[in-house]
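Below is one structure, written out as structure tokens; comments come after it.
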Amino acid sequence: MGRKKKLPTGVSSGVSHASSAPKSVGGCCVPLGLPQPLLLEEKKFLLAVERGDMPNVRRILQKALRHQHININCMDPLGRRALTLAIDNENLEMVELLVVMGVETKDALLHAINAEFVEAVELLLEHEELIYKEGEPYSWQKVDINTAMFAPDITPLMLAAHKNNFEILRILLDRGAAVPVPHDIRCGCEECVRLTAEDSLRHSLSRVNIYRALCSPSLICLTSNDPIITAFQLSWELRNLALTEQECKSEYMDLRRQCQKFAVDLLDQTRTSNELAIILNYDPQMSSYEPGDRMSLTRLVQAISYKQKKFVAHSNIQQLLSSIWYDGLPGFRRKSIVDKVICIAQVAVLFPLYCLIYMCAPNCRTGQLMRKPFMKFLIHASSYLFFLFILILVSQRADDDFVRIFGTTRMKKELAEQELRQRGQTPSKLELIVVMYVIGFVWEEVQEIFAVGMKSYLRNMWNFIDFLRNSLYVSVMCLRAFAYIQQATEIARDPQMAYIPREKWHDFDPQLIAEGLFAAANVFSALKLVHLFSINPHLGPLQISLGRMVIDIVKFFFIYTLVLFAFACGLNQLLWYFAALEKSKCYVLPGGEADWGSHGDSCMKWRRFGNLFESSQSLFWASFGMVGLDDFELSGIKSYTRFWGLLMFGSYSVINVIVLLNLLIAMMSNSYAMIDEHSDTEWKFARTKLWMSYFEDSATLPPPFNVLPSVKWVIRIFRKSSKTIDRQRSKKRKEQEQFSEYDNIMRSLVWRYVAAMHRKFENNPVSEDDINEVKSEINTMRYEMLEIFENSGMDVSSANKKERQPRPRRIKVWERRLMKGFQVAPVQNGCELDAFGNVNGQGEMQEIKVESIPSKPAKETAKERFQRVARTVLLQSTTHKWNVVLRAAKDSQIGRCTKNERKSLQNLGRAIEEAKRLIMLNPGCPSGRESPIRIEFEDEKTSTLLELLNQISAEISDSEKPKIRPIWRPPLKTVPARAMAANNTRSLTAPELKISRKSSPAPTPTPTPGVSHTALSQFRNRELPLCPSKLIANSAPSAPTAPPKKSAPTAPTPTYKPTTHAPFSVEGGNRENTRASDGVRSDNSNFDIHVVDLDEKGGHLGRDNVSDISSIASTSPQRPKHRN
């Protein structure tokens, strides 16, 4: 055979795992790209890396690089490579060794970042910089997408941001790494269109990953000059994304909460009022804040605009706002309730006097007091309460009652004449006061729009109520003016028109319409009073809940209206004719007037279902019990029609009354529960918005005093230009100083935040990962010490006498899966059936296989074509496949073993029979003796079975020859020839079960060219791991009269096909059959495992028979030396 072709990845073509077709192992079909079955040497390699065995890893890599017999870039069943295992264990020396020895890094950099292994990240970044070529993808981009642990769009910087690791982010940013800028979700550029067309899911997830990186607190701290405003903007942008892209709403909302929490955490680091004031008043467009100046609170206004409720409700900010709110009234919060009520009542009664004083002398003491936020609030609230009082007087016609009680005789006569003259009346004195208030309200809203802008104005829901209220009042004023002109014209033509009673007016007379709009405006005016409840801690949460419930009512109204309209259409179509009959009975008077006296019932019933609008009204009032079954007793109605009408009405009552109304109640209860859960935050946020409206430099005078000219208004006109010039000069002079001061404070906050994060991390309790890390470091140090001692000529065999170290459950599970050949692939459920429906013609399952669909032959008859089509349809049917599985399982609860497991099953049976036979040889053997054989790194089932059989054999041997003391043989230790002879003699009478390498009786090895005699003599009797099959087949003792077994034949050269590779089937061959040129030799069940060491010239020095997989972790074989 010629030499095998070497692949670029360091794997020979004969053992390449990247085959052109999926491989099937143990009934599993492994798809392309997924981890392929491993060779035994590859399993040993991964196991040595996981346990930190540097010497053996170094030897395996050297041998692999010279002979190309294994794939050093192999993966375990879960897709983890050697570098990944070393990174998970945070073994920097192992990572350096693997990188230096040429192991492909693949996505190891991402794994190191994910594990937050900073040293490995630095090493892998340097390695990536060395091997990267311009125009080619990076190492982590070359990983197969089927086995990649990370999404293709993930970059090192993005992953570090996801982990929020400040140190790794700093390293990457210092190197010039950058996070890609996300496109707008509505972006229509060529790149976005192409990515969406290729894979819309991947494009959407890529946007989520980018925003997850951008929301990292550490990344914001490192890249933003103003982390607080950056967090605000990201939070608001994520809110818009959540509303636009509903599919990823939960992810975006989680990121939004993360940004909000980061802003609050930064705010936690403020320590003085000066720091807090500078942060909240920073505005690049205005002059810097100085202690004692009026606070603009620009940052707080932005927080309210971005709805940062937790930031606004923070205790630091609330304390500062409280001090500003009650400025000018020292000690007010410490007063008793009675004193507070007296103080507020005094301001409420004297508010006109305060307003007049401010209009005349705005800079006096009283004028300065009125500019304080709390006093301004009390003045405005008192003025609004007085307006509501005027509305009550107008609605009750109090001016007429006052004339009747306190008026003179002439005034009473004029009042009587006005009552008779109902048309063409001018507004009363109280109505004129209302007009002045309305003008003041409109002017106040106009000033607010100019001050804050239209967008900010529309964000406040209470402004909508103000706008609606003002619109209604203005409409009333216009209609009253139009009605007065119209009526005055009519009276001028006919004076008797002024005495027409109101019941004779037209239905849509302008004055009647104005009165209706005036009543609606009064309702909104009274509701605006709820806004003042935000000040009170008890009524504030109720006011917020009311706002949420209004939103629920609006959402519920759409469904309710749909159901109402549907049933109204049906009932109107069914009962319109009979309603028309009732209407004809009602309107029987001359002129088409309704006869309410004689036919009052008909006049009521026809309106119920006379048209679509009346039907809708009837169903609406039916929700409140205002419509009954009597309304269906119409003239001439038939029983069938009446039945269908009642059935539809009953269905509407069930759906709308029982279901939908209860749904509305549940929605409102849920809204209140949400507010109650966060009542403190919600109330403080609502109260802060109310406070901020009085902190602003808005109109100090309330309506209607704000429309009257004052001294301050005149002074402001003449000083406007000079103030503008002073402000610009101040801005230019202090802009740099302001930025420097704010920047220093923000850096201090960031430093404190990072330091607090590190302290919190250091104070975390010790976890299981920390303990495992310590164990791994101790294990690695043990292997290094053993190698040093062995290279120094010391005997380290006694190190193997130590009992097996307990391993974490995670490591046990990983080792079991690795050695068992575990694969993440579906099992093919199918089998070959004979004509009688038996599996493989034997009535039992040998191996589950999928029968292939028959191919079309070159020439076939019509009959053959029909048979082929019918068989294809049968094989593709689900029923056939399920029946195949059922026949294969034979109605068994556990199924049958596969072909690869049959030999293990037979060996288990033989082991049970052999144990019984050994016990029957000497039933009185003592108990409690332990086996001198130690099996390491086997699965629990195999280790327990071997230990049990060894104990039985040892007890029988000790009971028959008590004077002969058994020799304990540690693993990887040379067994003397004299001990072997004693054992062979003992096996003739009472066989002792040993698990060791089979060798010829001759103690002296036969010279072999190219093989170190010293190495063979030193390691010829090292114990090898055996599975139960090899134990029974080769090492189990037989009866005294049974003929001795022949030695095992020499194993052929391996082909390394995973389909014939059986893990755990390891057996030592005869010494004369070993060759230094063979690394591993195997057949279906036997292996000879060797680790070849090379001298400096590349020649063979010797061959170490590694005992088992445990030798990698328990000790390191010494490099054999030449003997003279």
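Cβ from N, Cα, C; glycine included.
Among the residue ranges 251-293, 810-852, 853-895, the one that Swiss-Prot annotates as region 'Calmodulin-binding 2' is 853-895. Residue ranges 1-24, 409-432 are listed, and Swiss-Prot annotates 1-24 among them as region 'Disordered'. If you check Swiss-Prot, you'll see K142 and H538 are listed on the same side of the membrane. Listed ranges 596-614, 710-728, 919-937; the one Swiss-Prot annotates as region 'Calmodulin-binding 1' is 710-728. Residue counts for the repeat 'ANK 1' (40-69) under DSSP, helix first, then strand, then coil, are 25 helix, 0 strand, 5 coil. Helix, strand and coil counts under DSSP for the repeat 'ANK 3' (152-181) come to 17 helix, 0 strand, 13 coil. Per-residue confidence over the region 'Calmodulin-binding 2' (853-895) averages out at a pLDDT of 66. Among the listed stretches 374-394, 432-452, 513-533, the one sharing the most Cβ pairs under 8 Å with the transmembrane segment (341-361) is 374-394. Long-range neighbours of the repeat 'ANK 3' (152-181) within the same chain, counting only residues 6 or more positions beyond its ends whose Cβ lies under 8 Å from a Cβ of the stretch, are 109-110, 113-114, 116, 118, 121-122, 125, 140-141, 145, 202, 205-206, 209-210, 212-214, 216-219, 221-223, 754, 757.
Beyond the transmembrane segment (432-452), the same-chain residues lying 6 or more positions past its ends with a Cβ under 8 Å from any Cβ of the stretch are 387, 390-391, 394, 463, 466-467, 469-470, 473-474, 477, 696-699, 702-707.
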